[in-house]
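What TrEMBL lists as active site is ASP274, ASP669. Among the features that TrEMBL reports, UDP-alpha-D-glucose binding site is placed at SER238, LYS244, GLU245, ASP274, LYS417. Taken from TrEMBL, the feature Mn(2+) binding site applies to LYS418, ASP442. Marked as compositional bias 'Basic and acidic residues' by TrEMBL: 39-49. Annotation source TrEMBL lists region 'Disordered' at 1-59. Residues annotated as transmembrane segment in TrEMBL: 148-168, 180-199, 746-769, 781-802, 814-833, 866-888, 900-921, 933-953.
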Amino acid sequence: MMSSEESFIHGGTQPRPAQIGIVIRSPPPWPSKFSNQRELSKAEGKRPIEPSGSTSTNIAMNGITKQTSYEKALCMIDSAGKPLETVMMGLYNDGTVEEDDAAVTEMVEKRAGEQSATIIIEEETAAEIVEQRPKIERLNKAKQINGFILFVYRLTIMLRFIILCQFFRFRISRSVKNAHGLWLVSVICEIWFGVSWIFDQFPKWKPMTRKTNVNALRARFWNENEPCTLDPIDVFVSTVDPMKEPPLVTANTVLSILAVDYPTDKVSCYISDDGASLLTSETTILTASFARLWVPFCKKYKIEPRAPEVYFSKDLHCQKELKKRGGIFIKEWRVMKRWYGEFREQIKTYVDEAEKMPGDGWKMRNGVPWPGNDSQHHAGMIQVFLGPTGKKDVKENYLPKLVYVSREKNPTKPHHKKAGAMNALVRASGILSNGPYILNVDCDHYFNNSCALLEAMCFMMDPKLSRKICFVQFPQRFDGIDKDDRYANRNVVFFDVNMKGLDGLQGPAYVGTGCCFSREAIYGFYPISDEDYHDHVHDHREKFRSIIGRIKRRTKRLFQKKRLQRVPRSRAEISRAEITGAVNEDGHDDFQRYGDDAWLLLSQDNLKKRFGSSSLFMESTFMENGGLPPSANPAFLLDEAIRVVGCNYEDNCDWGKEIGWIYGSVTEDILTGFKMHTRGWRSIYCMPSIPAFKGTAPINLTYRLDQVMRWALGSVEILFSRHCPIWYGYGGGLYKLQRVAYINTVIYPLTSLPLGVYCVLPAICLISGKFITPTVDSETIVCYSMLFGSVIITGALENIWGGIGLANWWKNEQFWVIGGTSAHLIAVIQGLLKLMLRIDTNFTVTSKATNADGEDEFAELSIFRFGYVLLPPITIIFINILGLLTAISNAINYGHHQTMTVIAGKITFAVWVIVHFIPFLKGLRGKTKRVPTIICVWSFLLASMLSLLWVQVNSFIFDKTKTTPHH
């Protein structure tokens, strides 16, 4: 017997083809501390539902029976009661759905129409179906580190903090009367080290790891039996100088992107050539042609990695693969390797031709002068290859769109280095493809894992997380590093320890490459709250609300002057219809029609100030699922894209200030991620078992220090800017410990000042005969031993939960001292000069050149390249060696004046410093295995200056009442 509701839907006695069951689950018993269902729902973070007094309430609305209940689950059944399909909306592990009633009704209508089904309420039948329904797998899983290890780690941190406090009490209470200056300086340095340790340590209080489920993502959004519903992605590749960033490296990165395991119509690759190089343009054309051969080969045989240079260079791997796959694959593999060899030689020919510019400038192959002959003054250039309108591959399939972009430059306009280039790409891609997600990589970071985009989408398309995620950051991994990793290029302590710690807070920092962004976050919108999300779902069904009412309520929230208050200002608050009305060119007529409410249409001025003057781009920013706006005319897209990459487009708007990549620092990555976190977004750290990307590291000592100096300089610039995390962003959505982590990010270069002084103290103690402690007794030995023991134990526990070895931890400690006394120190000096004298700093691109002939993979490691950044460490090493020689001489000649324990303490202090500089000394020796002449000259001059200085200040250091001889 059918209920009245069923009769109302079916029209009485009509036959039932297929059915959709809306399952009603009884709510759990209310805990005593909650007076009603509304309070419980609010406590659990769910949208409150009015208590119905019974398990469920049937409401007839628009001819459809809708259920209001505590939990819902949807499934589709045929006439025999067998499940046809699972409708997934915000699903949890148990298959329950937490969603808006209107959205439930809308989904039921849609599915019923697709399957020619009728909607019924049949609780018993639906309950049986739920038991038979397959379990829905989650797209990702987050878990903390092993509980016992985490407990011991936290306990060790607290014990180390107590030991540190006792150490400071001990040091301050025991001053050295005859060497008060040495004692005071050493105590100040040690206090700074302790404070910096606190800023570095406590953000790692709750480390977290995550695991993705790519198979579940495929089953849900990329099933062979259903249309693909994965979201489109725009991939950015940035390059500047083809002489330092070889075109072959860039071409391999692009090829790995075009062959990625993702629907081809949902991937667009953009190359930013900020050097306007004809060589890069010609390489892109050649790469697009070779991709028609390479991409189908990769997808047919599912080869990894999909960068041909790396794939064909692994001979042993290829030989095993050849034997395993058989004859047809061997034949195609050999043909493809020959084709790639020809492609490689053609690029090499282009590079040889580009070594010297002709007198009349570069010309393209058709004889037309290249517009970018002056790299600092040229028009914007955009070239589109492949894609739905381009050539197909050899299998007659379309390839992802490939776009070459070189923004307009003018010497009278600031270019803002990489940040300006990335913002130009954001606008150009918003016109040409407008994917809702953006992934950026450096030109040398190829896709080592063809499922990298799917890995990111496991978070970005998660119904529970996606509304609050601004970006998914992948760790940086590198090829071409020597097995000893002499200069800590792998940086495993940062990527495997620190970043996991940040993931347990508000998320990792953006590190400049290997990061997938939400375009909504880049546009400066705020994350949508749960309440706003449900309001947004209702907006899709409200047909009769006036556009004026919506503009008045929502634009006021979006464009209010107080930017950092907690009211969300997300894109969901403004529908596309509103924006179309706001940017309507016939604004004058609208003003007359709306009378006193005409001021609301002035939101167009707010939009222009925010996004620039392009109406098409403004409309595209509110396309929630990406894609081009309905008003876009394909015939004029390129013209509009050229316009938005112009050097005047950012005038009088928020680009680089509030939206896009943020200007003001050479490390635009830290600043950009920080701004997103202050708005309340969170980020995710994704570490797949197969590294998503691999890049090229500068294994030469000078290049490595130049890279570290650039990072440190960017932190110093942020420290003295208005965006400094010490005072910026209060009242926003930044977590407290996340702020501590960002403060540590910008103040760490200042540690170079006390570190440099502390590394010189051993030599001063050895030469002067004084020490930083009154005596070296048992209490002093125990105090220092406990401190160093706590440091070692903390590091060992981080090695365990971070998965890094003790050797990597020690290399990181060594390079922290090397970089701190060289690159960081120079960066602080440059930052202060820029602040006080307004002296701008030049951006130096890290050389990524490799040995093309492959004769010696690590030849660059043994090449000595002198730079001023090497001078401070050389000075520290020489002074400590001089101090050791002086101490040994004094011990032999005048050992009765001091106890052997004091002498041993001084020597240990100096040896501790020199041991940290062993990788630096190896780098100085270079390939010749001898000290360079310039180092000998510098050492001789330094010795002469110190000798003359010592004669002058000798009387002020020694107590004249003692008989200790002068030196």
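Even glycines carry a Cβ here, placed using N, Cα and C.
Where the annotation comes from TrEMBL, it is an automatic prediction and has not been curated.
There are 24 other Cβ atoms within 10 Å of the Cβ belonging to ASP442 (Mn(2+) binding site). The stretch from 148-168, 180-199, 746-769, 781-802, 866-888 that makes the most Cβ contacts under 8 Å with the transmembrane segment (814-833) is 746-769. If one looks beyond the transmembrane segment (746-769) by at least 6 residues along the same chain, the residues whose Cβ comes under 8 Å of a Cβ in the stretch are 179, 182, 185-186, 188-190, 192-193, 196, 199-200, 670, 712-713, 715-716, 718-719, 724-726, 817, 820-821, 824-825, 827-828, 831, 872, 876, 879-880, 882-884, 886-887, 890, 897-898, 906-907, 909-910, 912-913, 950, 957-958, 964, 967. Contact counts against the transmembrane segment (781-802), taken as Cβ pairs under 8 Å, peak for 148-168 among the stretches 148-168, 180-199, 866-888, 900-921. Shown are the binding-site residues LYS244, LYS417; of these, the residue with the fewest other Cβ atoms within 10 Å is LYS244.
Among the record's UDP-alpha-D-glucose binders, SER238, LYS244, GLU245, ASP274, LYS417, no two C-alpha atoms are more than 16 Å apart, and one pair sits at exactly that spread. Listed by sequence, the residues of this chain that lie at least six past the ends of the transmembrane segment (866-888) yet keep a Cβ under 8 A from its Cβ atoms are 701-702, 705-706, 709, 756, 759-760, 762-767, 818, 821-823, 825-826, 903, 906-907, 910-911, 913-914, 917, 920-921, 924, 932, 934-935, 938-939, 942-943, 946, 967.
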